[in-house]
């Protein structure tokens, strides 16, 4: 065998090895691409206090590790702070709305609670417990609570204030429902990934207040689905940032902007009409037609009201080929969210079967 033929033979062995390595790299790249495609990015959008953070907490309960006692203990201080924040908001509103206290001694209680620096609150003890209990039982404060649409008050106010004995117990440990109800405005971006049927769902919650929205822009790449939350109960409320703008009009304007963004041409849109429980309560005394004169349905009818609100949002969609999937929800109700998200998951997977190699 000549030297040339020996070298050619060696070279072809090297070439074969190089090709084998190259093929393996190509295969790995294809695998990586396929695996990357098995991650679905769900962007949670909506105005402030529409229920986005509560929805993420539910995903942790339903599809994640939930909340251990240690995790729940971490919310104790926030529950106390929510109680003080709510009572201070009502005390301020008593002045603004010129509502008198029925019981004279509650003026001193109000002064005591008013002077608390909420951010420094880490305990819930007397004299504050008795002061807040006494205030909550004052008919003046109850009238003020009934007029809450005229100022900003957390949806969880009644939930906590009706349960002060339990929360004031020295051995208090927040329940799962306490955790779901606690209000902490989202600043920045919160991501929650969870695994379902060998697909990673990456849920991204961005702050809803106006100042937070400019931070959204870089979340817009490769979004599988937009999940847009609307608080049904906000039809008669004004914005935190601007007290002459209707919250639902703001939500409609944001939805219109989002669904016409070029980034989202290929993203499915799922509309969650949230806080259906609060709508059912409120519609009995606050009439939709007073805020949306075009409503011509019956008064005190939650079903008619929510269908009207759904139509208002769906009509904002300029693309007749784009389907808007919608669900009525109560984000603090784990079973409701479990049921709704199972349907949403199936919709998303169906829409992405080929794209994500799920068939």
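Just so you know, glycine gets a Cβ as well, placed from its N, Cα and C.
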Among 108, 110, 331, which residue shares the GTP site with 50, 51, 52, 53, 54, 156, 180, 181, 183, 274, 275, 277 according to Swiss-Prot?
331
Do you know which of 152, 209 is annotated deamidated glutamine by Swiss-Prot?
209
When Swiss-Prot marks a stretch as region 'G3 motif', which of 161-170, 191-200, 201-210, 211-220 is it?
201-210
Cβ distance under 8 Å to residue 54 (GTP binding site), same chain, sequence separation 6 or more: which residues?
180, 181, 331, 332
Relative to the Cβ position of residue 275 (GTP binding site), how many further Cβ atoms are located within 10 Å?
26
What does DSSP give as the helix, strand and coil breakdown of the region 'G4 motif' (270-277)?
2 helix, 5 strand, 1 coil
Roughly how many Å separate the Cα of residue 53 (Mg(2+) binding site) from that of residue 275 (GTP binding site), to the nearest whole number?
13
For residue 180 (GTP binding site), what is the tally of other C-beta atoms lying within 10 angstroms of its C-beta?
24
